[in-house]
Amino acid sequence: MSSIEPWPAPFAPTPVHATVTVPGSKSQTNRTLVLAALAAAQGQGSSTITGALRSRDTDLMIEALQTLGLRVDGTGSELTVSGRIRPCPEARVDCGLAGTVLRFAPPLAALSAAPITFDGDEQARARPIAPLLDALRGLGVPVDGAGLPFRVQGTGSVAGGTVAIDASASSQFVSGLLLSGASFTDGLTVQHTGSELPSAPHIAMTVQMLRQAGVDVDDSIPNRWLVRPGALRPRHWDAEPDLTNAVAFLAAAVVTGGTVTITGWPADSVQPAKNILDILQTLNSTVRHIDSCLQVQGPQSYRGFDVDLRDVGELTPSVAALAALASPGSVSRLAGIAHLRGHETDRLAALSTEINRLGGNCEQTSDGLVITATPLRPGSWRAYADHRMAMAGAIVGLRVAGVEVDDIGATSKTLPEFPQLWTEMVEGSSG
């Protein structure tokens, strides 16, 4: 699945100038798969998806739906979802390292009439899941286990009702419950009881997509979501390009002083990663919308910066790479990201370790990182089987000759084409 050979990160001695097309959004693809599955399971009919991302995370979601007895047809970015929830005996769902599968599929499995066992990669066993399982128990769903592996004993239906959950470790707890809530007999009310929610815009994305499927959702009260019971409308879904994956390429323009154009950039996206544009503009970058494309022209130089990434934690590795490559001596403070300690790896510890390994100066705080830009040296950059860490290493390698990413294959989680796209971007600029 992942490369075991170190990957020499391409060095860019001159500004990068490139046009890049990134595949569909992982967040949208996996949400549309679940919504399409629920519509089919209710007997409402089949749904189609175009622009779907095909990567390890989305393939794991497809396999999870198929394990539950649903049909997902199509081999590329065009998919059709149909069928009913009829799992085979001794059904097992492999979550891999995909948080969306780990947290979106169990409420769906609760609607089955059979036991479903969930497991995943070794690193996935450290990812937070207990609050979601406790919430399912609170809704009357028998669940064995407090973490991977665990078993959901479906009874064919879920009564629904009101459930309190501390989602401060992951907004996906809320999204996972909301996605299936309309299929519960009495609907669902979710009340967040913990500290400030991370990645709240991802919940807003879930709510918007539920409404597009005809679901009545009331989110007028902060930290409370009410999903009324009802049918999900089968429909055609069109996934936007994955803006989080695009961020690494935009960062290439910033750190090299070049120009990168992303094709198909949506004019009004529901993806939280669109907020990267505000960050890039504070770094003296020029952002232009040209027809259906987004173009970022990097500056000659930029200084350190302060940014709260609570709503866009997925951007942290790329933003940390930007901070490490800022003008020497300048300081960046990345805040609001304590929850990243429970992502694919402890991203705060990983970023601090890898930046410092190359001679940088990165310190952890209670909720983030403080990075003082210093000249970096060649060396190995560990990915920790984390796609975003691998991409961050590639960004650093643009300005530091001799950086090797130990596992660039980790990018297959959300962008299998990353090594090829990255190399083409750099090599296409060298002439």
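Each position is counted from 1, following the chain as shown.
Every residue, even glycine, has its Cβ placed from backbone N, Cα and C.
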Same phosphoenolpyruvate site as K26, G99, R127, Q172, R347, R388 according to Swiss-Prot: which of K274, K413?
K413
Taking the Cβ of each of the binding-site residues and counting other Cβ atoms inside 10 Å, which one has the highest number: R127, H343?
H343
Among K26, G99, R127, Q172, R347, R388, K413, recorded phosphoenolpyruvate binders, what is the largest CA to CA distance in Å?
19
Cα-proximity to Q172 (phosphoenolpyruvate binding site), 10 Å cut-off, over recorded positions K26, R31, E314, H343:
none
Taking only C-alpha atoms and a 10 A limit, tell me which of G99, E314, K413 are near H343 (3-phosphoshikimate binding site). These are the recorded positions.
G99, E314
